[in-house]
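A.B. asks: There's a structure below that I have some questions on.
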Amino acid sequence: MVQRWLYSTNAKDIAVLYFMIALFSGMAGTAMSMIIRLELAAPGSQYLAGNNQLFNVLVVGHAVLMIFFLVMPALIGGFGNYMLPLMIGASDMAFPRLNNVGFWLIVPALVCLVTSTLVEAGAGTGWTVYPPLSSIQAHSGPSVDLAIFALHLTSISSLLGSINFIVTTLNMRTNGMTMHKLPLFVWAIFITAFLLLLSLPVLSAGVTMLLLDRNFNTSFFEVAGGGDPILYQHLFWFFGHPEVYILIIPGFGIISHIVSTYSKKPVFGEISMVYAMASIGLLGFLVWSHHMYIVGLDADTRAYFTSATMIIAIPTGIKIFSWLATIYGGSIRLAVPMLYAIAFLFLFTIGGMTGVALANASLDVAFHDTYYVVGHFHYVLSMGAVFSTIAGYYYWSPQILGLYYNEKLAQIQFWLIFVGANVTFMPMHFLGINGMPRRIPDYPDAFAGWNYVASVGSFIAMISLVLFIYILYDQFVNGLTNKANNKSVLYTKSPDFVESNEIFNLNTIKTSSIEFLLTSPPAVHSFNTPAVQS
């Protein structure tokens, strides 16, 4: 056991470890969000006894757990490590031991994050950790320092993983697999790795300066010493905006594969899809100040960031319409992954539309720091990144495990989370338009109605996640029975347009699903092909 799981250098085992920590963190983050929603279900103080600091500690815990310990480990560490070598015909990742270190840095990071909530009054700064609220005057204990260490460790982990993904993709493709034949999920992880590589050092620099300000009397963000807290915001958001694309681009890759498989046809405009992802990634670095319209930027600066932000809608639209064109005229099977993919298309588009509204500097003056923003980013994260994670699990887990989930239960779980998430986050837009501020545990009575609706929706979504845990249990215990009883709607193992590993160099058809041509579950080393350079 110790040899296999503690010292593991096998990408598949490390991916399983990533999934385990993602599931654990996701449950913890969901629990925190439920406490937040219970507190906000009615005006006045409900459960936190007026402890507003604790409310903000829950907010920062929920955010950091969901972003750094659920979505990134699941989509990048889990699906990335497991599927990327299979899809390019590599026997493992390029640096297997680096992979192991990358995972085991996540665990102390999680410990640091949990500890930060337990010392003094916790880090009640919001996930952005803005000074002067995060300065030593406003947060005097070591809580913020521990949160900074957690960010440092996850950053190093992600950087090591990114280097690994880039080198693997460039150097370990099988014979005949040119970059143009790379499956879309591999492209997604590849582009994501570059985004991480370029954005994380900036975050690390920013929080390191904050650490020095707090403990070693420097004045990077201290006005009295000639510093400027706005510098921190620029550094943070130069990471923070690419980060949201880091969270969603692997989801784009998963959705492409699912839509293609269940429509029985290749993705419409595959090269365009790759260029769209690359454009989104590049433009993501040029728009960071749209998070800061109200800090006193010049009018021409605001005009630039408004225009640049709206340009990102173009490659995103290319992706949405290409997915729709893939579905159009296909032989559609509405199995669970396809339901999630179609829901993703609708809900991600809604999130994108509210994003276009927020891109306008003049409108954002009204919307900034209201629940409109919360509604917007939960549509793209909760119903974009998380939906694509669950979709990817339902799509690949029968192949990964050789065990099948109960299709009927999975469909019920889909409809529950679909209804629950919408009922939770749609009212937030209405609250935001009416001016309800974020990160405040109490509110005027006028906001009571929609807040109650949102809290009911969060309860529905939580029930669906409990059902998801039961579906996992059922899959591990009764997986073979489910397969035998046809309780699972099986996809065809290899759609007509998929070509096998041996004939890459003989044809020009771009394959997208070698992983389904392997044994189920795959062997410890699925391929023994030598690494070749194109």
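Glycine is treated like the rest: Cβ placed from N, Cα and C.
Feature list, courtesy of Swiss-Prot:
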- Glu39, Ala42, Gly44, Pro441: Ca(2+) binding site (BINDING)
- His62, His378: Fe(II)-heme a binding site (BINDING)
- His241, His290, His291: Cu cation binding site (BINDING)
- Tyr245: O2 binding site (BINDING)
- His368, Asp369: Mg(2+) binding site (BINDING)
- His376: heme a3 binding site (BINDING)
- 14-36: transmembrane segment (TRANSMEM)
- 57-79: transmembrane segment (TRANSMEM)
- 146-168: transmembrane segment (TRANSMEM)
- 189-211: transmembrane segment (TRANSMEM)
- 237-259: transmembrane segment (TRANSMEM)
- 266-288: transmembrane segment (TRANSMEM)
- 303-325: transmembrane segment (TRANSMEM)
- 338-360: transmembrane segment (TRANSMEM)
- 375-397: transmembrane segment (TRANSMEM)
- 414-436: transmembrane segment (TRANSMEM)
- 451-473: transmembrane segment (TRANSMEM)
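Could you place the listed features in the three-dimensional structure?
C.D. replies: Of all Cβ atoms in the shown protein chains, 21 besides its own fall within 10 Å of the Cβ of Pro441 (Ca(2+) binding site).
In three-state terms derived from DSSP, His378 (Fe(II)-heme a binding site) belongs to a helical segment.
The Cβ of His290 (Cu cation binding site) lies under 8 Å from the Cβ of His241, Phe305, Thr306, Thr309, Leu358, Ala359, Ala361, Asp364, each on the same chain and at least six residues away in sequence.
Within the same chain, residues at least six positions away from Tyr245 (O2 binding site) with a Cβ under 8 Å of its Cβ are Thr192, Leu195, Ile280, Gly281, Gly284.
In the shown protein chains, 15 other C-beta atoms lie within 10 A of the C-beta of Asp369 (Mg(2+) binding site). In this structure, Asp369 (Mg(2+) binding site) belongs to neither helix nor strand by DSSP; it is coil.
Counting same-chain residues at least six beyond the ends of the transmembrane segment (14-36), those with a Cβ under 8 angstroms from any Cβ of the stretch are 5, 8, 47-48, 55, 58-59, 61-62, 65-66, 69-71, 73-74, 77-82, 99-100, 102-103, 106-107, 110, 458-459, 462, 465, 469.
Under 8 Å from some Cβ of the transmembrane segment (57-79) lie the Cβ atoms of residues 14-16, 18-19, 21-22, 25-26, 28-29, 32-33, 35-36, 102-103, 106, 109-110, 113, 117, 121-127, 129, 147, 150-151, 154, 158, 161, 165, 185, 189, 192, 243, 246-247, 250-251, 254, 381, 385-386, 388-389, 392, 396, 439, all in the same chain and six or more residues away from its ends.
Residues 67, 71-72, 75-76, 79-80, 128, 183-189, 191-192, 195-196, 198-200, 202-203, 206, 267, 273, 277, 280-281, 284-285, 287-292, 319, 323, 326-327, 337-338, 340-341, 344-345, 348, 377, 380-381, 384-385, 387-389, 391-392, 395, 512-513 of the same chain lie 6 or more positions beyond the ends of the transmembrane segment (237-259) yet place their CB under 8 Å from a CB of it.
Long-range contacts of the transmembrane segment (303-325) within the same chain, counting only residues at least 6 positions beyond its ends with a Cβ under 8 Å from a Cβ of the stretch, are 252, 255-256, 259, 267-269, 272-273, 275-277, 279-280, 283-284, 286-287, 289-290, 293, 297, 341, 345, 348-349, 352, 355-356, 359-361.
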A.B. asks: Give the helix, strand or coil assignment DSSP yields for Pro441 (Ca(2+) binding site).
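C.D. replies: Coil, per DSSP.
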A.B. asks: When you scan the chain for residues with a C-beta under 8 Å from the transmembrane segment (146-168), skipping those not six or more beyond its ends, what do you find?
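C.D. replies: Long-range Cβ neighbours of the transmembrane segment (146-168): 60, 64, 68-69, 72, 76-77, 80-81, 84-85, 88, 90, 93-95, 98-99, 101-103, 105-106, 108-110, 112-113, 115-116, 119, 123, 125, 129, 189-190, 192-194, 196-197, 200-201, 203-204, 207-208, 210-211.
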A.B. asks: Within 10 Å of His368 (Mg(2+) binding site), Cα to Cα, which of the binding-site residues Glu39, Ala42, Gly44, His62, His376, Pro441 are there?
C.D. replies: none
A.B. asks: Once near-sequence residues are set aside, which residues in the chain of Glu39 (Ca(2+) binding site), 6 or more away, have Cβ atoms under 8 Å from its Cβ?
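C.D. replies: Residues satisfying the criterion: Ser45, Gln46, Tyr47, Leu48, Phe55, Pro441.
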A.B. asks: Across all the protein chains here, work out how many other Cβ atoms are within 10 Å of the Cβ of Gly44 (Ca(2+) binding site).
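C.D. replies: Step by step: centre on the Cβ of Gly44 (Ca(2+) binding site), count other Cβ atoms within 10 Å, giving 11.
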A.B. asks: Among His241, His368, the binding-site residues in question, whose Cβ has the most other Cβ atoms within 10 Å in this structure?
C.D. replies: His241
A.B. asks: Applying the rule Cβ within 8 Å of the centroid of the Cβ atoms of His241, His290, His291, what extra residues of the same chain belong around the Cu cation site?
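C.D. replies: Neighbours found: Trp237, Gly240, Val287, Trp288, Ser289, Met292, Phe305, Thr309.
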